[in-house]
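So that you can see what the record holds, here are the features copied from TrEMBL:
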type	residues	note
ACT_SITE	A:Asp89	active site, proton acceptor
ACT_SITE	A:Asp271	active site, nucleophile
BINDING	A:Asp89, A:Ser90, A:Gly91, A:Gly92, A:Phe93, A:Asp143, A:Gln194, A:Gly221	substrate binding site
BINDING	A:Cys309, A:Cys311, A:Cys314, A:His340	Zn(2+) binding site
DOMAIN	A:10-372	domain 'tRNA-guanine(15) transglycosylase-like'
REGION	A:252-258	region 'RNA binding'
Protein chains: 2
Amino acid sequence: MYELLKTEGKAKRGRLHTVHGVIETPVFMNVGTAAAIKGAVSTEDLKEIDTQVQLSNTYHLHLRPGDEVVKKLGGLHKFMVWDRPILTDSGGFQVFSLAGLRKIKEEGVHFQSHIDGRKIFMGPEESMQIQSNLGSTIAMAFDECPASVHERAYIEQSVERTTRWLKRCKAEMSRLNDLPDTVNKEQLLFGINQGGVLEDVRIAHAKEIAELDLPGYAIGGLAVGESHEEMYRILDAVVPHLPQNKPTYLMGVGTPINILEAVERGVDFFDCVYPSRNGRHGHAYTNQGKINLFNAKFELDARPIEEGCGCPACSKYSRAYIRHLLKAKEMLGMRLLVLHNLYFYNHLMEDIRLALDEGRFTEFKKRKIEEMTKNT
Amino acid sequence: MYELLKTEGKAKRGRLHTVHGVIETPVFMNVGTAAAIKGAVSTEDLKEIDTQVQLSNTYHLHLRPGDEVVKKLGGLHKFMVWDRPILTDSGGFQVFSLAGLRKIKEEGVHFQSHIDGRKIFMGPEESMQIQSNLGSTIAMAFDECPASVHERAYIEQSVERTTRWLKRCKAEMSRLNDLPDTVNKEQLLFGINQGGVLEDVRIAHAKEIAELDLPGYAIGGLAVGESHEEMYRILDAVVPHLPQNKPTYLMGVGTPINILEAVERGVDFFDCVYPSRNGRHGHAYTNQGKINLFNAKFELDARPIEEGCGCPACSKYSRAYIRHLLKAKEMLGMRLLVLHNLYFYNHLMEDIRLALDEGRFTEFKKRKIEEMTKNT
């Protein structure tokens with residue numbers, strides 16, 4: 001299912017075969033929280049900007065339109081008209097970051113909807129049932145993402161519970177995939193490593209979950225406030241204890257430089273809201289670093305955001321026009337920047353894969369980081 | 001320049017040749033106020049939905065980004081990347097509806113920007129200069145659009161001033177088109193008929209401005225609060241006094257039924273914010289009337305907005321998905337509805353032209369109105 005095509009140091013060039021097509025890794029999954037990429041970007045647009053995988057959020061879709069509604073409409077692929085792979089998160093992270101008044105018990109979490117305050121219960125089984133209704137290609141295990149302010153004792157307890165929850169997720173997904181009316185009977189389950197910034201807890205947990213022989217493993221609970229150096233330290237410690245012959249997914253990461261650093265440490269799946277969120281706020285990624293299109297210096301700049309870029313924004317529109325759209329609060333400005341930024345990320349990953357294919361990733365990474373930081 | 005290809009009763013099937021290409025009439029001009037169609041619609045999208053003419057607003061572009069900026073960037077066509085005709089209004093309507101603290105004098109209008117309160121003066125010459133900087137295909141004369149609450153004496157005085165302003169517009173445009181660095185030296189000027197709902201004032205004014213032999217004439221100051229029946233009565237009265245062998249433009253109109261009624265009365269240019277504004281509020285035009293996609297009955301509706309419609313929304317996405325996007329406040333929902341509605345208007349005009357070509361407009365109009373109103 002997962003082919004490890006090549007390595008360079010710890011860096012992996014892989015290929016995951018799924019029921020919805022092949023994923024070439026390292027890959028950046030484009031985040032469409034509520035079954036749509038923010039910034040008026042459709043699944044048709046995603047194809048135009050060479051997106052391989054779309055990621056949607058279980059918590060959001062459970063609340064609205066409801067996973068039962070999505071199932072009745074044939075699953076998420078049919079609902080949003082996307083025939084390539086979709087990864088859904090477990091809802092866990094949102095339960096711990098967005099929902100109100102939550103109460104964690106062994107069976108799961110009681111919480112209130114951030115939309116209407118409605119009381120909801122979600123445990124490992126419920127998360128799997130929702131993701132099964134959505135019919136995503138890859139489902140994520142339901143875990144707790146403990147705040148890094150917690151002390152060691154709490155984190156150890158939480159990680160142990162996350163392991164027990166993972167086993168329940170695996171059993172439930174197996175049951176669901178065997179039901180006659182399941183949307184995607186070949187849904188894959190990825191486990192999630194936790195443990196805050198405690199290397200020993202992370203490593204022990206990685207070893208434990210690796211034994212469950214799941215189709216992929218993620219590292220969760222990073223990029224939640226710790227420094228980049230702390231994150232790299234944890235990756236250095238934990239990635240070698242996750243199966244090399246399985247996808248390795250660093251959740252919610254990150255900047256182009258974060259991605260280059262994590263690829264070097266053996267990660268090959270990524271997702272992050274940065275390209276779309278930054279685009280909506282007027283920031284564009286370029287090979288010379290980020291630029292802020294609100295800046296007055298772009299008023300008469302007839303050049304594209306980036307010379308030579310083949311995205312729908314750069315192939316037609318100028319910095320001056322996009323700046324005007326942003327200043328005039330025209331949605332088109334946000335849309336063009338989101339398209340550019342996602343294209344930038346998708347093509348950064350393509351360049352990374354090509355560098356790995358050609359055995360020159362180390363040099364590529366060094367040059368890329370130099371280019372992107374020389375103006376800062 | 002304007003060919004009157006065919007008539008059916010008063011209805012005109014025409015063709016206007018411009019420096020930016022041919023306009024087949026009757027035509028609906030898609031409104032892109034600030035050099036962009038609201039709803040994240042680009043000029044590339046406009047081609048996909050068969051837009052012939054894009055309309056932008058002089059007042060808005062003068063304030064932001066500034067017409068001098070647009071001129072430095074090569075004019076509006078180059079700025080927004082649109083090679084087909086553009087009509088710009090004169091700014092007059094916005095000065096009278098949006099700006100603060102205005103003072104009307106013979107030389108023009110002193111007013112304050114609605115964006116930052118800056119004091120601005122605009123008269124016939126300034127309006128022509130701004131539109132010349134924008135380089136639109138068709139410029140509109142600077143006029144006063146008196147509120148219909150005014151009494152006869154005020155409206156008569158106002159219309160007389162509008163005539164004097166029109167002569168100044170014509171002289172100024174002629175001067176500007178002869179300057180060496182003018183963006184579009186073949187810019188066309190359309191005059192505007194005013195007179196509120198007073199038929200005799202309208203007719204006298206129409207006769208007077210017709211003598212100036214301009215490339216086209218508009219009827220302004222309608223669809224500003226009077227009833228549809230009053231509007232049709234004014235059209236019945238005034239259109240026969242405007243040159244039949246010139247474009248006849250009814251400004252700011254309107255619903256599909258308004259357009260059918262006005263075409264029957266000899267109008268062949270239209271513009272209106274309805275399709276984009278209604279789209280942004282969740283309303284979609286169909287051949288069976290408008291539907292509100294927020295309605296709960298569409299929750300599980302897997303059909304497109306309209307069966308058989310070839311627009312970018314209907315060719316891929318379901319009512320259920322678009323409803324979800326609207327509920328989740330995803331910009332994509334607005335974008336898809338705006339694309340659908342503009343496509344609907346553009347294709348309604350195409351159907352009208354075909355019916356006129358084939359001498360069956362009267363029957364077409366009757367059937368169309370029956371279809372669109374039978375559910376209301």
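Numbering starts at 1 and runs along the chain as displayed.
The backbone N, Cα and C atoms fix where each Cβ goes, glycine too.
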Beyond a gap of at least 6 residues from its ends, the CB atoms lying under 8 Å from the region 'RNA binding' (A:252-258) belong to 93, 222-224, 228, 231, 267, 270-274, 285, 344-345, 348, 368-369, 372-373
Any further residue of that chain within 8 Å (Cβ to the Cβ centroid of A:Asp89, A:Ser90, A:Gly91, A:Gly92, A:Phe93, A:Asp143, A:Gln194, A:Gly221) of the recorded substrate site: A:Val95, A:Phe96, A:Met140, A:Ala141, A:Phe142, A:Glu144, A:Cys145, A:Ile192, A:Gly220, A:Met251
Any idea what the model's mean pLDDT is for the domain 'tRNA-guanine(15) transglycosylase-like' (A:10-372)? 96
How long is the line from the C-alpha of A:Asp143 (substrate binding site) to the C-alpha of A:Asp89 (active site, proton acceptor), rounded to the nearest angstrom? 10
Of the binding-site residues A:Cys309, A:Cys311, A:His340, the one whose Cα sits nearest to the Cα of A:Gly221 (substrate binding site) is A:His340
As a test of the contact definition, list every same-chain residue at least 6 positions from A:His340 (Zn(2+) binding site) whose Cβ is closer than 8 Å to its Cβ. A:Gly279, A:Ala284, A:Tyr285, A:Ile305, A:Glu306, A:Cys309, A:Cys311, A:Pro312, A:Ala313, A:Cys314
Which one, from the binding-site residues A:Ser90, A:Gln194, has the smallest tally of other C-beta atoms lying within 10 Å of its C-beta? A:Gln194
Given the binding-site residues A:Gly92, A:Gly221, which one is most crowded in terms of C-beta atoms within 10 angstroms? A:Gly221
In DSSP terms, the region 'RNA binding' (A:252-258) comprises 3 helix, 0 strand, 4 coil
Using a Cβ cut-off under 8 Å and a sequence separation of 6 or more, which residues in the same chain sit near A:Phe93 (substrate binding site)? A:Tyr59, A:Cys145, A:Gly220, A:Met251, A:Gly252
Cα-Cα separation of A:Asp89 (active site, proton acceptor) and A:Asp271 (active site, nucleophile), in Å? 11
Take the C-alpha atoms of the residue listed as 'active site, nucleophile' and A:Gly92 (substrate binding site) and report the distance between them in angstrom, rounded. 16
Rounded to whole angstrom, what's the largest C-alpha distance between any two of A:Asp89, A:Ser90, A:Gly91, A:Gly92, A:Phe93, A:Asp143, A:Gln194, A:Gly221, listed as binding substrate? 15
Quick check on the recorded positions: of A:Asp89, A:Asp143, A:Asp271, whose CB has the lowest count of neighbouring CB atoms inside 10 Å? A:Asp271
Neighbour count (Cβ, 10 Å) for A:Cys314 (Zn(2+) binding site): 24
Look at the binding-site residues A:Cys309, A:Cys311 and tell me which residue has the greatest number of other C-beta atoms within 10 angstroms of its C-beta. A:Cys311
Within 10 Å of the Cβ of A:Gly91 (substrate binding site), how many other Cβ atoms are there? 27
